[in-house]
Amino acid sequence: QDEEKWDFILVSDIHEVGSKKEIKRKKFLDELSKKGFTIKKIEDKKLFYGVRAPKEIFQKYQWLLRNPDSRPQNPDDHQDVPVTTRIRIVNFILQNTTTPDLEKLSDLMKRKVFEATFPLHEEEGVWENLNEKWARWRDMCRKQPIEDIRSYFGEKVALYFAWLGWYTYLLGFAAVAGTAVFVAGITVFSSGQVSKEICEANTTVMCPLCDQECPFWLLSETCTYAKITHMIDNEGTVLFAMVMAIWATVFLELWKRERANVVTNWDLYRWDEEEEELALELINNLQHEPQKYQHSYLRSTIVLLLVLVTIGVLIGIAHALVIYRVVAMALFTQSKVEFLCEQANTMAVMTGAVLHYITIVIMTKVNKWVALYLCDLEKPRTFSHHENNFTVKFFTFQFFTHFSSLIYIAFFLGRINGHPGNYVRIAGKWRLEECHPSGCITDLFIQMGIIMLLKQTISNVVEYLIPWIYHKAHKKPQCPKKRNMMVGEEEEVEDPCKKQWLSNYQLKEVNVFSLFDEFLEMVIQYSFTTIFVAAFPLAPLLAFINNLFEIRLDAIKMMRLCRRMVPRKANDIGIWLQVLEAIGILAVIGNGLVIAITSDFIPMQVYKYAYSPCKVENSTGVDCSSGYINHSLSIFHIQDFDQYTKVPKRLPHFVTDEVKECRYRDYRNADDYSYTAQFWHIFAARLAFLILFEHVALCVKLIAAWYVPDVPQSVKNKFLERKHSNLRREL
């Protein structure tokens, strides 16, 4: 039974006898034979080679990396190596075997000598258990069998699922809080003083929203928009942003504890990746010389400059999206379709968000290529260094791709557009957008909602459908061919391996990026869930629902739709932990800025405590925020419009007198349009709040990090007892 288990399968086209490719293939297989590998050939429409490594290789591995604490000192006493370790060692030797022409397997695959290499899925034991209890939609709320995942896919995949499960579990609490804040917002939908004032402002004439063909409009026309803004932008959201900044820290600290618990039982807590890599190099080739660490300042400078250029391009794309919104707004307002004309701003925001999603999809492919190219320039020493460098670069590019547009909407929209009579224009023609009189936060809410929904639904559907269609398409044509074979070559069909090898070959191929892509998707989602959560309290709920599906979707994909991944050893989630910690700090800064700059929370508080009727008249029965809208709008005299603005002939139908002045959102004097004292008062309050919020949140983060130990006492005690009993036994 054991003799028929094959470690790896190599697949090749049937080449002409004596052709270059056939000679190269023979040379490579001869090198494997010299190392003691058993090779079995099966011919179908392709050539399949099963390879099995000799026992001596695994004995050397065990002896070199024996753990003095738990392994016997006798070199003849060997236990079986786990299947995941077997596959990993064989994969390393296959990838590093060099032919006499100095070509490795990767070179041969580029030259189409070999088409595919993969380990086989087992079809009993752990595979059956995982297939029944893990890779099923009905198990969506069941705890994952991490130990089984580890013994089938290796530690790295098991840690990914352990992390994803833990993240989803804690996301449940954030989702409940976010939903509660959103529902609370809906209950005050119509009762807010500010939205009441906007709805009743049927005599407040507002300045035109564009230069051509745009009428004056009444503030009360945007009643619904004001109510929606108030639903998102209230005191509850401020509190929730604070809670989420702290949640991000607590989540990471609790994950470190969870990871310590998981890894202790695997005997990998003090495992050394470098030592393992050197051992494998020596097993493969005794004459191997280790590659030295090296650092070149010139190379680092070039890479840094190229990274900055790429980031510049990504920010340029965000600018292009801004220009699109400005032009779209101008075109929609001049449209003959009444709906487009009335909802020009919302339509520009929504189509802009869809366009942003499309740029994300395209730039992801470009970013991956650029990050790989930059990593090759750096010439990292080992695969894990290469992976870490690639992760940091690719994540940075993806971060700017996803968030540049959101950063513009949150912090620049409506703040750099000038004022009536002196607007900032693109190419001297199109005016920059303005914020709605009730604030800019709704634009951010719409943009985040659309991107999160599109990203999570479309990405997941594509992620699942491509392997599923691939699987179905390759499965069907196989049946009639098998029957033909039975008639012609019975003895070959009887080979028990053939069916298994063929069925594995027909699955979708996996590569070194397969797990990386899953991690990246989740970390970008984590960024959405924490950084701008003040503007989109539903983000944790959407992420939670998505992750419940994501876990099972990834499980089904790995178990039944894709070839088996080469197991990788790991004792933590690697560089991703530092990335998550960086996002945690960005979450504090991002949410602080959203509340201080995007939200109307600070101007409202300044008004309540400095300028409101409560302060002036000391009247008890008055709502302190009454009069806020009138206070936040400045007056503009019509005769001061610049030459670009066509003063509209069409006036709101019930304004009988000719309009002499209109209102716009800003704090400026009516005579010379300079900033008022209130503007600087609010500016100082925003700055003070930002500094206070960030210091308090970072202090709480530090206290939480200190309060929750990274390694549980039970794990430390386990190590203590293990050391003690080993020393006692030795004595």
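A Cβ is built for glycine as well, from the same backbone N, Cα and C atoms used for every other residue.
Please treat TrEMBL annotations as automatic predictions, because they have not gone through curation.
Residues annotated as domain 'Anoctamin dimerisation' in TrEMBL: 84-146. The domain 'Anoctamin dimerisation' (84-146): residue composition by secondary structure is 31 helix, 3 strand, 29 coil, according to DSSP.
Annotated domain 'Anoctamin transmembrane' per TrEMBL: 149-719, in sequence order.
The transmembrane segment annotation in TrEMBL covers 160-186 (among others).
What TrEMBL lists as transmembrane segment is 237-255 (among others).
Annotation source TrEMBL lists transmembrane segment at 302-327 (among others). Listed as Cβ neighbours of the transmembrane segment (302-327) (distance under 8 Å, sequence separation of 6 or more from its ends, same chain) are residues 348-349, 352, 355-356, 359, 363, 367, 370, 374, 377-378, 393, 396-397, 400-401, 404-405, 407-408, 426, 430-433.
What TrEMBL records for 347-374 (among others) is transmembrane segment. Only residues 6 or more beyond the boundaries of the transmembrane segment (347-374), in the same chain, are considered here, and those with a CB under 8 A from a CB of the stretch are 303, 306-307, 310, 314, 317, 321, 324-325, 328-329, 332, 340, 389-390, 393-394, 397-398, 401-402, 405, 433, 443, 446-447, 450-451, 454-455, 458, 513.
Annotation comment: TrEMBL describes 394-413 (among others) as transmembrane segment.
Annotation comment: TrEMBL describes 523-549 (among others) as transmembrane segment. Long-range neighbours of the transmembrane segment (523-549) within the same chain, counting only residues 6 or more positions beyond its ends whose Cβ lies under 8 Å from a Cβ of the stretch, are 140-141, 164, 167-168, 171-172, 174-175, 177-179, 181-182, 185, 232, 237-238, 240-241, 244-245, 247-248, 395, 398-399, 402-403, 406, 410, 441, 444-445, 448-449, 451-453, 455-456, 460, 576, 579-580, 583-584, 586-587, 590-591, 594-595, 598-599.
Here TrEMBL flags 573-597 (among others) as transmembrane segment. Residues 159-160, 163, 237-238, 241-242, 244-245, 248-249, 252, 256, 259, 384, 387-388, 391-392, 395, 410-411, 415, 441, 444, 519, 523, 526-527, 530-535, 686-687, 689-690, 693-694, 697-698, 701 of the same chain lie 6+ residues outside the transmembrane segment (573-597) yet bring a C-beta within less than 8 angstroms of a C-beta in it.
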Contacting positions for the transmembrane segment (160-186) when only residues 6+ beyond its ends and CB under 8 Å are counted: 143-144, 146, 149, 230-232, 234, 236-237, 239-240, 243-244, 247, 250-251, 254-255, 258-259, 262, 515, 518-519, 522, 526, 529, 533, 537-541, 543-544, 547-548, 550-551, 554-555, 573
Cβ under 8 Å to the transmembrane segment (237-255), counting only same-chain residues 6 or more beyond its ends: which ones? 163, 166-167, 170, 173-174, 177-178, 181, 185, 529-530, 533-535, 537, 540, 577, 580-581, 583-584, 587-588, 591-592, 594-595, 599, 601, 693, 696-697, 700-701, 704-705, 708, 710
